[in-house]
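Lifted from TrEMBL, the feature list:
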TRANSMEM  A:29-53  transmembrane segment
DOMAIN    A:82-285  domain 'ABC transmembrane type-1'
TRANSMEM  A:86-108  transmembrane segment
TRANSMEM  A:120-143  transmembrane segment
TRANSMEM  A:149-168  transmembrane segment
TRANSMEM  A:196-218  transmembrane segment
TRANSMEM  A:267-289  transmembrane segment
Amino acid sequence: MASSPPASSLSVSGKSRSRALQRKAMDRLATVLSWCATFLVVFVLGSILWTLLKNGLPGLTAALFTRSMGAPGQGGGLANAIVGSILQTGLAILLGAPAGLMTGIYLAEYGSHSRLARAVRFVSDMLLSAPSILIGLFIYMALVAPLGHFSGFAGSVALAILAMPIMVRTTEDMLRLVPLSMREAGIALGAPKWRVILFICVRAARGGIITGVLLAIARVAGETAPLLFTSLGNSEWSLDMRRPMASLPVAIYQYAGSAYQDWMQQAWTGALLVTLGVLIINIVVRIGIRGGRT
Amino acid sequence: MDGSTQQPAQPTVAKARHSGSLTGDPLFKALAMATGIGVLLVLGVIIAVMAIGGIPAFKAFGPGFLFSAVWNPVTQHFGAAAPVFGTLASSALGLLIAVPLAFGTAFWLTALAPPALSSVIGMAVQLLAAVPSIIFGMWGFFVLVPPMAHYVQPTARHLFGHIPGLSALVAGAPFGTGLLTAGLILAIMIMPSITAVMRDVFVSMPAVLRESAYGLGATRWEVMRQVVLPWSRQGVVGGIVLGMGRAMGETMAVTFVIGDSNHIGWSLFAPSNTIASLIALEFPESPAGSLKLASLMALGAILMAISFITLWCSRMLLARGEAQAGKR
């Protein structure tokens, strides 16, 4: 292999041979350990998926999608939680996407290296990794406590704050990939800058920006912590965003800690649904942008 | 016919568009800038709200709030020391396990794996990062906790229970939950993001450096240890610190496996609490305006301070690493 002794070594050949062996052994050890680490990580992912499938599949019935949550033993489903999750995630994206896209446009097209833009980029990156439970507490203090009641709307706002930085990041990155010559061509044709940005740059970066939105959906759809203090959860069918609203992750949290067989079953099936949804979005996105930023 | 009717119309269209650009451009720029400033404001307001929410607790207990390990809703006495200790200890354990795993995986992905396999496994690792926190919690509670209680903990006690220095580490009843289990779950959760950062900085090293090291006869491990790692040190540390920042704020997964108990101790197996898990567990029993809620808010403010300082450090390191990569 590549571990032949260096030409400059004039030492006794036996000594240099043992040194070469030692180096080779070290390389082998590192290789084996590295294989083990990778195997372990893949094994954990496999174990999680296997556990979810094994425990979740038996509960995948039509009733799960048609009935609302009920008392243990009464054959409830998760319909209201599924719809609640879709509604809250959807509204969160509707609220977060315009802000995320505009901020991304500002960072890529206007601010670039200004001091303000650097600060915005920095803060957005901080929000990207900020503890989600703090966002929940913040919305509780800012929206729930003053209004006096939990609401699906408050949950959406909390999720929007979590979703926005992802879209800021991808929008900026993708706009930076649009070649300068396209902007120049647009300007040369007499288009104002805002038109060039919206109808040439954003259009060219469309795929990447949609990717960002999808990743944001995948991220917030599984969030539990920020919803605990905002939309609270609701065991009844409700489409009213001004009232407490059920969501799949919160329902899983409530059921997983219970001692009832059927609630446990629904928790596993709910967990399977959330995980499959999130992973499928991620796989689609990652296959779509092979080689792009992860 | 066509040309004659359109010809005179064209200048007016151009003019209209031009005047549109005069009002449209500044407007659009102002809008974009305003949303950018809005992002800054969001963080500012979050910090302000958390700090204000925690004021009653700081007022009631003074600086002692930070150092008191008591959390007693009956006597209305609350302190931050136990959950802060739990947060730091579980994150440290998580890092201790995650860093070697992440490094090994990044080494494998960049130097050892066949290209086709590398991209598939790389994606699998990133999928692990996408799994929601609560799923890790359930998996940890139902898959990881039983073997911890039945095998790991009794074995550890059997092996180390008599050694004076180590016996404190393995003391306690075999619940299966506790600091070490939380550390394990955290390690799995933060490992993908550390791996991603490591892989990116390893790959960003100019190929010439790697090739010349191989040309001198270095083994793959020597190239990694003596060329790649020194070259990408700052990025690697930045990635590790980023992982730590994530670990400290992790809520749902930890809530399932930490065991919910407020005390400070050296045992790896003792039930404990982190700031985030305490907030998640105690919030439902904290009526609005109560001292307990204020204490939770104060804890939130402390968590925010710790994690933002950590994330700030990580961003600085990563940015400096990137700048250096650009220079060389």
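Numbers run from 1 along the shown chain.
Cβ atoms here come from the backbone N, Cα and C positions, even for glycine.
Whatever TrEMBL says is automated annotation, not expert-curated.
Counting Cβ pairs under 8 Å to the transmembrane segment (A:86-108), the top-ranked stretch among A:29-53, A:196-218, A:267-289 is A:196-218.
Under 8 Å from some Cβ of the transmembrane segment (A:149-168) lie the Cβ atoms of residues 84, 87-89, 91-93, 95-97, 99-101, 103-104, 107, 124-125, 127-128, 132, 135-136, 138-140, 143, 209, 212-213, 215-217, 219-220, 223, 226-227, 229-232, 238, 240-245, 247, all in the same chain and six or more residues away from its ends.
For the transmembrane segment (A:196-218), the residues of the chain that approach it from at least six positions outside its boundaries are 89, 93, 96-97, 100-101, 104-105, 108-109, 163-164, 166-167, 169-171, 173-175, 177-178, 182-183, 185-187, 277-278, 281-282, 284-285, 288-289, 292, judged by C-beta separation under 8 angstroms.
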